[in-house]
Structures are given as structure tokens and as C-alpha cells.
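Below is one structure; the comments refer to it alone.
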Ligand SMILES: Cc1cc2nc3c(=O)[nH]c(=O)nc-3n(C[C@H](O)[C@H](O)[C@H](O)COP(=O)(O)OP(=O)(O)OC[C@H]3O[C@@H](n4cnc5c(N)ncnc54)[C@H](O)[C@@H]3O)c2cc1C
């Protein structure tokens with residue numbers, strides 16, 4: 001265990017927590033423990049926002065417990081195009097799903113950030129808001145909706161969170177955005193080939209949208225915005241919200257390499273709600289344990305996988321499951337860990353591009369080194385852009401779009417999104433070769449350039465679950481995404497793939513590509529999409545390709561979902577865990593339903609509002 005602490009964070013538990021006796025159960029908070037008003041478990045995307053906002057009040061004390069290291073010094077996190085290098089590093093939890101029957105029995109790797117800033121420190125830097133037609137975090141047509149979390153409310157917090165910078169070469173209307181928030185968000189000039197993708201989308205009938213994030217809605221095709229600052233560095237939630245000035249606050253303690261093992265409860269007697277009053281923490285598996293007390297609240301912000309895991313480890317979860325593992329049940333909460341909703345990516349559809357049109361030159365070591373040096377010196381160049389530059393959002397029931405073979409009618413699909421104009425399909429465009437396989441990424445060939453396109457199912461009907469593997473916080477939980485068990489999910493994704501194949505044959509994108517004769521190696525051909533013709537391939541053949549190649553889109557949500565009724569949800573609309581006192585959950589796990597887009601900005605806005613709720617500045 002390191003005995004040091006940096007000027008801004010602390011990694012020695014003796015400096016912020018109370019040592020606990022070895023070999024004792026250590027499951028009841030004690031009066032002599034070091035105490036804080038708020039103990040935030042997880043210094044990730046939501047956790048950094050909460051820490052920053054709650055500690056604005058100098059009269060309250062705040063402790064953050066983050067399992068991973070500080071974001072400071074993580075070069076690959078700061079450098080936008082370094083993102084893939086962080087996967088399967090010390091900054092990634094590197095989870096894996098159980099074998100997925102809907103995907104030929106494959107287990108898929110699931111990245112999650114493990115550092116200050118959490119997943120916002122290793123994600124793909126796409127800034128995107130929920131679609132207004134998707135009602136943001138409220139589902140008006142459903143009794144389990146997040147009351148008070150509609151788009152109008154969320155929009156205030158999207159705006160509060162950001163300072164938008166409009167690049168003169170890629171202008172956006174700044175009136176639709178915030179201009180004094182902590183999070184730096186900006187538009188950026190995209191490569192020519194990404195522009196051609198947008199133009200091809202227009203040709204097939206998808207309207208062009210200069211900004212995919214406004215209250216006008218997301219249906220359309222356009223460039224993404226990103227969270228990179230004027231120095232060309234990623235603005236993770238840590239970089240944005242835990243600045244040096246914030247970290248110097250005397251009422252804020254930020255602990256890193258601090259793994260919360262259990263939330264601890266006190267009881268006021270028979271019939272009274274148990275109260276979350278502390279957390280047990282350790283720096284290493286089997287190492288010394290420490291306790292901290294929470295005078296006001298424990299706020300769980302450990303993300304859509306670890307938050308339900310920690311709740312269950314602490315006795316809040318489905319009683320039968322906990323009892324089977326010998327965990328004392330504090331509160332039978334059947335919805336904890338359930339309703340896991342994840343966007344599904346069709347898998348990398350890679351098309352060979354003409355030389356010089358993509359960012360693939362960076363696969364050559366000399367080019368990469370010179371780009372790295374340029375970024376280090378100037379903050380500019382190809383390392384300062386996000387990997388995904390453009391996208392389109394559509395509905396699978398829009399029969400004007402080319403979802404079928406020429407002359408055939410498209411397969412009817414039900415749109416599972418919550419608004420009449422909300423999209424259920426996204427297509428993302430990356431001007432580089434990204435070969436994703438079950439275990440991570442493969443290094444692309446250095447002499448061939450390509451682009452990577454993926455169709456994403458935004459509103460899957462098939463939901464999965466997080467359950468415990470064991471009663472230890474040091475064992476990863478079981479993640480069953482239950483991918484593509486619904487026929488409708490599969491049919492929507494197949495339509496998305498056919499749209500991608502059609503776009504690849506549509507000008508002005510088509511003439512950027514060239515044929516590529518590539519043989520499969522060990523049964524896997526990363527360039528399979530180049531050989532598929534949208535006019536001859538059958539739906540059954542596309543389904544076979546989906547089962548073999550589809551991947552996680554990295555947006556798990558809903559595993560501690562909010563709602564007014566404890567019979568159908570795990571937290572109430574103020575994010576308080578049903579049936580226990582002093583405990584809230586604030587992260588992607590509380591989404592009442594999946595959103596029609598990327599999740600990071602939604603989590604940041606959610607945490608901004610949660611901070612106001614916790615501090616009593618607003619009510620639902
Ligand atoms: C590879 C990848 C790319 C993505 N790309 C995008 C994108 O481009 N745009 C977008 O909008 N979204 C993207 N996402 C999704 C988005 O980043 C996440 O949905 C969002 O950041 C989740 O925020 P969170 O606060 O719920 O969880 P996190 O940010 O994951 O925070 C949870 C924190 O809790 C900590 N923690 C967990 N367990 C413990 C414990 N026991 N004790 C202490 N600390 C603990 C973790 O280390 C972590 O720091 C991407 C995700 C991934 C994985």
C-alpha cells in the first residue's frame with residue numbers, strides 16, 4: 001500500500017479512514033470512525049460531478065472513494081486518440097459477459113473506466129444528448145417512468161454542465177448550448193470521408209443535421225461534437241469537475257485505489273428502515289480493512305455494473321439470490337441488478353478506403369510517433385480528434401429508407417423507443433480501421449486503409465441482469481446481457497446493417513472505397529462487410545453475421561432503475577433506494593429506460609441534478 005498522497009488525492013486509507021480490527025465482521029459503523037457528511041462511492045463520471053457540486057457548500061464534508069488511480073498522469077486518457085490503448089489497462093475493469101446464446105455463445109469483453117473520471121476517462125468522446133422525443137430519462141407512457149426527469153428538466157442540466165466552443169471550421173449554434181459549465185464541449189472539423197458519409201446519408205433520404213444534440217431531436221445525419229478542450233485534451237468528468245482549485249477545497253477528500261467492499265447499515269429498531277451509515281473499504285484483496293462513516297448519506301456512483309453489485313454485496317437485492325450466497329438480507333429489493341439494457345453494435349463493418357482518406361496512416365509507427373510529438377507540443381493534429389466523427393439516427397419503421405433488397409418490402413419492425421419521432425437505430429462512422437473481436441481489438445494491417453461503420457440498436461427489448469459471482473467485492477459480477485433474444489431486436493439490427501451496406505454503395509461515399517480481396521484467417525475475416533451486397537444478401541445471412549460479429553456498444557443502463565413504485569423499481573425519482581434510509585444511487589444504473597443515444601452527457605446532467613436534489617436546492 002502506498003503511504004503517499006499526491007497534492008490532490010490520497011491513496012493511503014489511514015489518512016482518510018479508520019483501521020478496522022483484523023478478523024472481525026466489521027459490518028456495523030462505529031461512532032469513533034472518521035466521518036463525512038457525504039461518502040460518494042465511485043469517483044467516475046457521476047461521482048466527480050457530485051463531489052464537485054456537493055463540496056461547493058463549505059459547511060459539508062465530502063469523501064470520494066475511487067477504486068482506480070488518479071486520472072492525473074494518464075497520458076492515453078488525456079490524448080483523445082489514445083482511447084483504445086486504455087482498454088484492458090489498469091484503468092479498465094475489463095469485464096466479460098456470460099456466454100450469450102443470441103451471439104453464438106460468445107462472451108464479450110465489456111470495458112468500464114477504473115480511474116478518477118471513470119468511464120468518461122476512457123470512452124470514445126462522443127458528446128450526445130438523449131433525444132427529446134425519447135423523453136430523456138422519463139417514460140411518459142410507462143408507470144415506471146422517472147417522474148420529474150423529462151427532457152425540459154434535463155435540458156437545463158445539459159446546459160448547466162457544459163461550455164460549448166464552436167469551431168469556426170465546423171460552426172454550431174451556441175444558443176442551443178451552455179456557455180458557463182465546467183465541461184468543455186466542442187465542434188470540430190471532420191475528415192472529408194466522414195463528410196461524404198453524411199452526404200451519402202442525405203442521398204438515401206436522411207436529413208442533414210449540423211448539430212445532433214439540440215432540442216430539435218436527433219433524427220438525421222451529421223457530425224458529432226466532442227469533449228476535448230482548447231489544448232486538445234479529453235475533458236473527462238475528473239478533468240472538468242475535479243480541477244486543482246476544487247481538489248484544494250478543505251471539505252473535499254478524494255481517495256484513490258480505494259475499493260468499497262460493503263455499504264454498512266445501522267438499525268433504529270424493529271420496523272424502522274435500515275440506514276446506510278458507513279462504508280468498508282480496502283486497498284487490496286485480503287488487505288487491511290478500513291471504515292468511514294456517513295453522517296448524512298452514502299451516495300453510490302459506481303456505475304451500471306458495480307452499483308448493483310455493491311448493493312447486493314451489502315444486503316440490498318433479490319433476497320433469494322443473496323441468501324444463497326450467505327449474504328445477510330438488509331432489504332429484499334428484487335429489481336436491483338435486473339433490467340440491464342445495453343445498446344448492441346452490429347460489429348465493425350470495415351470498408352477498404354483509398355489511400356490518404358482516413359486516419360489509418362497512424363498505424364505506421366513513424367507517423368504515429370510524429371503525431372504524438374505534435375500533440376504533445378501543440379495539442380493539435382490527428383491525436384487530438386475523437387475516433388468517431390459522424391453518425392446518423394433513424395427509425396426502423398421509416399419505410400422510405402433502404403432497409404430491404406431492391407424491389408422487396410422491408411420486414412416490419414416495432415419501434416421500442418418512447419417517442420413518436422425518437423430513433424431506434426444509429427449508424428456510427430469512424431474514419432479508421434477498428435477491428436473489434438470478443439476479447440478486445442486486433443492491430444489493423446499497416447498497409448491498408450479503411451473506415452469502420454457500425455449499426456447500433458438503441459432500444460432493445462431483450463434485457464439482461466447483473467448477479468453476484470460470490471460474496472466478495474473483489475470478484476467480478478456475472479453480466480448476462482441477454483443480447484438479441486427478441487426477434488424484433490434482431491430484425492431492427494439487420495435493417496441497420498442493410499442501411500450501412502447501401503450507404504457504402506452510395507455516392508459520394510462509394511467512390512472513396514475500393515474492393516479488397518482478403519482471406520479469412522482462422523475463420524475470421526475483419527473485412528467481411530466488403531463482400532456483402534445489400535441486393536443479394538438475405539436477412540438470414542445478415543443474422544448469421546450479427547450473431548458472429550455483434551459487440552457491446554458500451555452503454556449499459558437501468559440495473560438500479562428509478563420509478564415511483566418499489567414493486568417495479570429500485571430507487572425513487574429522488575434516486576433514494578426504496579426501503580432504506582441515507583442511500584442514493586446516482587449513475588447510469590438508475591436510468592428508468594435506455595436512452596436514444598450516447599450515455600455520458602446524460603449521466604453528467606443526471607448527476608448535476610442529483611447534486612441539487614441532495615443539497616435540497618430542488619425537489620422532484
Ligand atoms: C469504451 C467505451 C466508450 C464509450 N464511448 C462513449 C461515448 O463516446 N460517448 C458517450 O456518451 N458515452 C460513451 N460511453 C459510455 C459512457 O462513458 C458511460 O455510460 C458513462 O461514463 C457511465 O458513467 P457512470 O458514472 O455511470 O459510471 P463510471 O463512469 O464507470 O463510474 C463508476 C466509477 O466507480 C468506480 N468503482 C466501481 N466499483 C467501485 C468500488 N467497489 N469502490 C470504489 N469505486 C468503484 C469505478 O472505478 C468508476 O470510476 C462509452 C463507454 C465505454 C466503456
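Glycine too: its Cβ is placed from the backbone N, Cα and C atoms.
Annotations in TrEMBL come from automatic prediction, not curation.
Keep in mind the model is a prediction, meaning the values are calculated, not measured.
The active site, proton donor annotation in TrEMBL covers 555. Taking a C-beta cut-off of under 8 Å and a sequence gap of six or more, residue 555 (active site, proton donor) has these contacts in its own chain: 342, 343, 588, 594, 598, 599.
According to TrEMBL, the feature active site, proton acceptor maps to 598.
The FAD binding site feature in TrEMBL is assigned to 119, 123, 124, 125, 126, 554, 555.
The compositional bias 'Polar residues' feature in TrEMBL is assigned to 1-11.
The domain 'Glucose-methanol-choline oxidoreductase N-terminal' annotation in TrEMBL covers 113-136 (among others). Assigned with DSSP, the residues of the domain 'Glucose-methanol-choline oxidoreductase N-terminal' (113-136) fall into helix, strand and coil as follows: 7 helix, 3 strand, 14 coil.
Annotated domain 'Glucose-methanol-choline oxidoreductase N-terminal' per TrEMBL: 303-317 (among others), in sequence order. Only residues 6 or more beyond the boundaries of the domain 'Glucose-methanol-choline oxidoreductase N-terminal' (303-317), in the same chain, are considered here, and those with a CB under 8 A from a CB of the stretch are 41-42, 44-45, 93, 95, 110, 112, 118-119, 260-265, 327-334, 336-337, 340, 466-468, 471-473, 477, 479, 556-560, 570, 577, 580, 583, 585, 587-589.
Sequence annotations record features per position, and here TrEMBL assigns region 'Disordered' to 1-28.
Around residue 123 (FAD binding site), the C-beta neighbours below 8 angstroms that are at least 6 residues distant in the chain are 83, 113, 554, 600. What surrounds the FAD site, by Cβ distance within 8 Å of the Cβ centroid and not counting 119, 123, 124, 125, 126, 554, 555, is the set 598, 599, 600 from the same chain. Break the domain 'Glucose-methanol-choline oxidoreductase N-terminal' (303-317) down by DSSP state and the numbers are 11 helix, 2 strand, 2 coil. Confidence in the domain 'Glucose-methanol-choline oxidoreductase N-terminal' (113-136), given as mean pLDDT, stands at 89.
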